[in-house]
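Shown next, in structure tokens, is the structure this report addresses.
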Amino acid sequence: MPLAFCGSENHSAAYRVDQGVLNNGCFVDALNVVPHVFLLFITFPILFIGWGSQSSKVHIHHSTWLHFPGHNLRWILTFMLLFVLVCEIAEGILSDGVTESHHLHLYMPAGMAFMAAVTSVVYYHNIETSNFPKLLIALLVYWTLAFITKTIKFVKFLDHAIGFSQLRFCLTGLLVILYGMLLLVEVNVIRVRRYIFFKTPREVKPPEDLQDLGVRFLQPFVNLLSKGTYWWMNAFIKTAHKKPIDLRAIGKLPIAMRALTNYQRLCEAFDAQVRKDIQGTQGARAIWQALSHAFGRRLVLSSTFRILADLLGFAGPLCIFGIVDHLGKENDVFQPKTQFLGVYFVSSQEFLANAYVLAVLLFLALLLQRTFLQASYYVAIETGINLRGAIQTKIYNKIMHLSTSNLSMGEMTAGQICNLVAIDTNQLMWFFFLCPNLWAMPVQIIVGVILLYYILGVSALIGAAVIILLAPVQYFVATKLSQAQRSTLEYSNERLKQTNEMLRGIKLLKLYAWENIFRTRVETTRRKEMTSLRAFAIYTSISIFMNTAIPIAAVLITFVGHVSFFKEADFSPSVAFASLSLFHILVTPLFLLSSVVRSTVKALVSVQKLSEFLSSAEIREEQCAPHEPTPQGPASKYQAVPLRVVNRKRPAREDCRGLTGPLQSLVPSADGDADNCCVQIMGGYFTWTPDGIPTLSNITIRIPRGQLTMIVGQVGCGKSSLLLAALGEMQKVSGAVFWSSLPDSEIGEDPSPERETATDLDIRKRGPVAYASQKPWLLNATVEENIIFESPFNKQRYKMVIEACSLQPDIDILPHGDQTQIGERGINLSGGQRQRISVARALYQHANVVFLDDPFSALDIHLSDHLMQAGILELLRDDKRTVVLVTHKLQYLPHADWIIAMKDGTIQREGTLKDFQRSECQLFEHWKTLMNRQDQELEKETVTERKATEPPQGLSRAMSSRDGLLQDEEEEEEEAAESEEDDNLSSMLHQRAEIPWRACAKYLSSAGILLLSLLVFSQLLKHMVLVAIDYWLAKWTDSALTLTPAARNCSLSQECTLDQTVYAMVFTVLCSLGIVLCLVTSVTVEWTGLKVAKRLHRSLLNRIILAPMRFFETTPLGSILNRFSSDCNTIDQHIPSTLECLSRSTLLCVSALAVISYVTPVFLVALLPLAIVCYFIQKYFRVASRDLQQLDDTTQLPLLSHFAETVEGLTTIRAFRYEARFQQKLLEYTDSNNIASLFLTAANRWLEVRMEYIGACVVLIAAVTSISNSLHRELSAGLVGLGLTYALMVSNYLNWMVRNLADMELQLGAVKRIHGLLKTEAESYEGLLAPSLIPKNWPDQGKIQIQNLSVRYDSSLKPVLKHVNALIAPGQKIGICGRTGSGKSSFSLAFFRMVDTFEGHIIIDGIDIAKLPLHTLRSRLSIILQDPVLFSGTIRFNLDPERKCSDSTLWEALEIAQLKLVVKALPGGLDAIITEGGENFSQGQRQLFCLARAFVRKTSIFIMDEATASIDMATENILQKVVMTAFADRTVVTIAHRVHTILSADLVIVLKRGAILEFDKPEKLLSRKDSVFASFVRADK
């Protein structure tokens, strides 16, 4: 019909223009269409045909790269415009429906405006991405025309007295405002960019981040719609489904999010705080203020989003109330009174009374609410991640200045610092994530209670009181849960510590048959842990129970009380289901309360820890301004190292200042000797603890420049401490340390106002020192990276260093040569290899000063000689570099230019060897008896002989005799085998399997059939009862609705009351049953988790402890330990809660969809496409989430490892002056971890936004179909309310179902990995001989017969001993020697059946050891290994863990091992504590404890495998004599580290390539000129 636009009536109102065309409402509406048609006609050709030449576009790899001025405001105004236009369309449709005539002009212009608004934002987006602002002129014209036409319409409304009572008037006024603001935004773009009306446009460059192709995190740069919906993640998620995500895929962080940027922001906040605080305190309060100043704005933004989301969340209950109320009442057709040219306009009240309108408003409110909620989450987590990176960087920079005494003897450990980084920074991050709840929860509770009161009246206060009164109970449970978790963590840490010790010392445990002792030790701690876990499970189940039961209880009490005490009150479906939805909302903040309170408390504790750490003692070194001239003078060649430790807690000690004269007297003299001096200490007293007794006393020494200085002395006399004192690592009580000054280009003046000077002369900062510590410190990096150590790579120098340290054979055998990752702390290498790589690092550096702390301790004589000759002498001393060498190898003293002899922390004497010969005759003679000085020609001859006898390199260990390989043959075989398995720790294998259903089945089957049946049955029954409760509520409220009008004619009011009572009673029974089932299911889930955790850990421990030694050699220790740590923790604590959440969210979604389908079966038609979309979303998300979660974990490990490595190697890093380089690596590691965390957060938001949008669609479809059915099929209002309530439930739980599914998939990997280890075959502990047939005192003589013995480490490997025959008489002392790789250690291990004996026999005292049970065999022999192994615990436990020996026996063993005096001096004596790894004793003392441990056993056969490698020669000689006398009647087999130690043996066995080369008395072998043993002795002289 031609007149349908203005109305289909036959009268002429549409033509009436007698009062002017602008007074014709239809004409005005038609005029409003013109701007929209104009925009569509202008923009569509530009968008689809093509606009601008390609040359006018800026090509960049990101789509959205530039935001015009007012970008976010434009998007916000456009969204508001679209919403108002939707309301205008709906209002027009409703107004048009009042009369029979159709007036298209009531809603068609609004529809065109809606299309134009969408087109405008699409058009703007494309112009913005191409940076071509001139085309915005079309939008300028459009906004102008739209504003003018809409203003005309608004004015005409005013002229016809249409006001606020009509919704159309309000909407038109809003549109005028919005169009006007959009016009102003467009004018502002012209003002800023000057693309029109100005001669010179203003060019804007792309953001710096997006010019970097490596930046792929686009959240800060995309438009507002993409930010809110994470649309930019679509391509990333899609790509992740095709190929694994790695660090290259996620790229780099934007500059504003990098750790350095946030660290600078935090430092500025700290500085501002210090400026405000005159005292400059660094307490917890100052830290909180700095954090709020640096990151508070983003937190306010997150809180604003959260409050808006929570307020919008109340739209659900209100809309349910309106819809159900509309359907539950007989609504008369309303007739609006106001007309405009024959058209009726609805009022706002009439508009909101329409059920369909409410359904659409509910849909839009849900979309907006979910968007705001996810935006709040994202901003809070992003802020937390940025804060974490800033704090980690600040902690690291503090570590670089930390006093060494704090770590070695003082207040903190490396573990505490790592906990600060790994745990406390995360606590602060999660506090910032939960922080918006602190402001949002009170708002949500207050608004929720007000609305409940508005709907229910006084009854609402009953339910609210129930919830609020139970909140303290929840808090109490949460507190107990937190305590149980802390207790569990403590026991877990103790168990992991014991497991770690057990795994690191597994070789010793097996050799000593102590497996059961340490298994029992771990199981005892595990039982304590399980007790805590049981408490944790109980409180967790109570917490879960309360979360599900409190809403049921509140609803039960409220509704029953409502109908019982307020009989005239309204209990319609609208009231009931709106109240039910409000109760669910009201309970949420109270559930969060416990989490928020716990997180707040943890954050307060973490900040307190951080405050204590940041205020801990530092080593202050003056920073010198670069390129300042050096003052000339006689003392300018020296610089005093500022050793004073700044301790803010304690005043400086002055009581020891009198030990030396005034500081002026300590200035070095300006004579000729001083000119040649590199380091000089005068009157130095040094200590490790501020209040402790000086470790070094009255130290006055000089170290000559460009010469070799050796420091010698007995074990524990302070040699290593002297080096550290010179490096400034010890606390100086008094005295001064002077370093010769550096060239002007390398040093600078010190601008510090706190300069600590020894004199009035200028004090210089010392240069880098190449330092190799006694305990090798290696990075978790390649061999090459450990040697060059961030220095430029020089191939020639690198090869020279490799050759000098005899590393080439070791490199050849590694899987990837010198590019092999050697693992954290060098766990892939032997002690000797670690030592030589550490020394190689010092040799490679170009530093003028080199400190080497006992570099020969783990090396045999050949390697030591070669290192001394080719490395220290040729590479260092001949290059005129200053070398300070701490050593026990006195045979090298003739090479020293200067010797410093120490005794008991003091300097006994310093000078040349001739000086000692003249003035210290007794000491010199003592040395002479120990060293038997060798001449230069013989040393060269020995080295030449070694090279001549070396076989070709690159072969496997069993085939070659390479120098410097693993000190134990089994470790060498490990390297050979793993080379075939590609054991390069640098390559991370991606396993992208589907959901591990088998692991899930194994997990559930471990619980047992009864518990599993109870779990499944209780879960299903619980959700059936929950549905029954709500269904019965619908029937009850429907009956109340129909009863109300009938009650007027009811003769017997008792019947009505009886009917209500029946409904209330059934409702009470169902609710009570539901509460009971909630308790049963929560307890069952946690009990299942406990049972599975207990069973899997016990099986894992039993399997691992009984595994053969080959398993530990071919499986990385970290991998095994991870099964006991992270995987067991996942099974203990995470899988049960995830399983409960997954089952609950899945069953809730299924039951909700079932209820909706029951209420409106037509919903099933719409459900199918939504289900397909949901399936693909979860499918893509799970793959990306799994990869990102693994990437987040794997990027965190290097970060934590870097912290641990830095703390352990702090002395080395500071000695090298590499602080800045390590800080840069820290920033890289932090950024890598943060970018993975941010992508994971964005992926989670991507999922949740989509799933919640799908949930909103479910709500819309359910609402529309329910309303339609109710209007046409007489569907009861109660069922409509039921369907809508469950539709809201779907929108809440759908994303949790997918998230929990992804989490469960990831966590079941722990079960899969543990079950993989459970397949490991155990050693065959059973023997052919029954225990009763073995004499109790066997072996009582010590006679050993070796018959044609051939052994190998695995059936797939070649033999390491071939056809060995020997006869050892009882009580004989046998020495075994041979070059590295000759089979010495394999020979000793064969006695314990630690290797595969595939041919021959070993018969001890008439019994073939192959027939003995393993435990019996190993418990009857004794061995001492080269690497000392001590366990945390008492000295008594370390010597006698079986508790079989008396104290006198233990003291006797300590006396034999030269440790009796040391132990007696300790508090507690035998009960004194040995720390983990024996770190509170020196390396030599640890070895002596191992000797004492072997002496305690008093077996007839005693094997020493290079047991004295870490002991000085004097102590070694004493021990050898003691062994010979104390074990005169026992058979002793000694594998020689120094050949001279076996000269007194009865027989000597010389091995070569696994075969006996020589076997005779030592004097006979020495008498033969061609004897290999004789050549060894000559080389050892």
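Keep in mind that glycine also has a Cβ here, set from the backbone N, Cα and C atoms.
Per Swiss-Prot, Leu94 and Ala1064 occupy the same side of the membrane [matching topological domain names]. When Asn10, Asn1348 are compared with the annotations in Swiss-Prot, the one labelled N-linked glycosylation site turns out to be Asn10.
Looking up the ranges 577-592, 1489-1504 in Swiss-Prot, the one annotated as transmembrane segment turns out to be 577-592.
Binding of ATP is attributed by Swiss-Prot to Trp688, Gly716, Ser720, Ser721, and within the candidate set Ser1482, Ser1544, Ser1567 the record adds Ser1482 to that site.
Between Asn406, Asn984, Asn1049, Swiss-Prot assigns N-linked glycosylation site to Asn1049; no such entry appears for the others, which is not proof they lack it. Of the cysteines Cys26, Cys87, only one is given by Swiss-Prot as the disulfide partner of Cys6: Cys26. In the predicted model, residues of the topological domain 'Extracellular' (320-356) average a pLDDT of 73. In this chain, the transmembrane segment (137-153) lies in contact with the transmembrane segment (31-47); the count of Cβ pairs under 8 Å, excluding pairs fewer than 6 apart in sequence, is at least 3.
Tertiary proximity for the topological domain 'Extracellular' (455-460) is limited to same-chain residues at least six positions away from its ends with a CB under 8 Å from its CB atoms, namely 317, 321, 449, 558-559, 561-562, 565-566, 569, 575, 578-579, 582.
Sequence-remote contacts of a segment are chain residues at least 6 beyond its ends whose Cβ falls under 8 Å from one of its Cβ atoms, and for the transmembrane segment (107-123) they are 5, 29-30, 32-33, 35-37, 39-40, 43-44, 46-47, 74-75, 78, 81-82, 85-86, 88-89, 91-93, 96, 138-139, 142, 146, 175, 225. Other Cβ atoms within 10 Å of the Cβ of Gln774 (Mg(2+) binding site) number 20 in total over all chains.
Sequence-distant contacts of the transmembrane segment (439-454), counting only residues of its own chain at least 6 positions beyond either end whose CB sits under 8 Å from a CB of the stretch, comprise 303, 306-307, 310-311, 313-314, 317-318, 460-461, 463-464, 579, 582-583, 585-586, 588-590, 592-593, 596. With the fewest other Cβ atoms inside 10 Å of its Cβ, the least crowded of the binding-site residues Ser720, Thr1380, Ser1385 in this structure is Ser720. Counting Cβ pairs closer than 8 Å and at least 6 residues apart in sequence, the transmembrane segment (357-372) and the transmembrane segment (542-557) reach fewer than three and form no contact.
Residues 462-464, 466-467, 470, 473-474, 477-478, 481, 579-580, 583-584, 587, 590-591, 594, 1026, 1029, 1067-1068, 1071-1072, 1074-1075, 1078-1079, 1082-1083, 1085-1086, 1137, 1140, 1144 of the same chain lie 6+ residues outside the transmembrane segment (542-557) yet bring a C-beta within less than 8 angstroms of a C-beta in it.
Every protein chain shown contributes to the tally, and the Cβ of Lys1384 (ADP binding site) ends up with 25 other Cβ atoms within 10 Å.
In the three-state DSSP reading, Gly1383 (ADP binding site) counts as coil. For Ser1386 (ADP binding site) paired with Gln774 (Mg(2+) binding site), the C-alpha to C-alpha distance reads 27 Å. Classification of Ser720 (Mg(2+) binding site) by DSSP places it within a helix.
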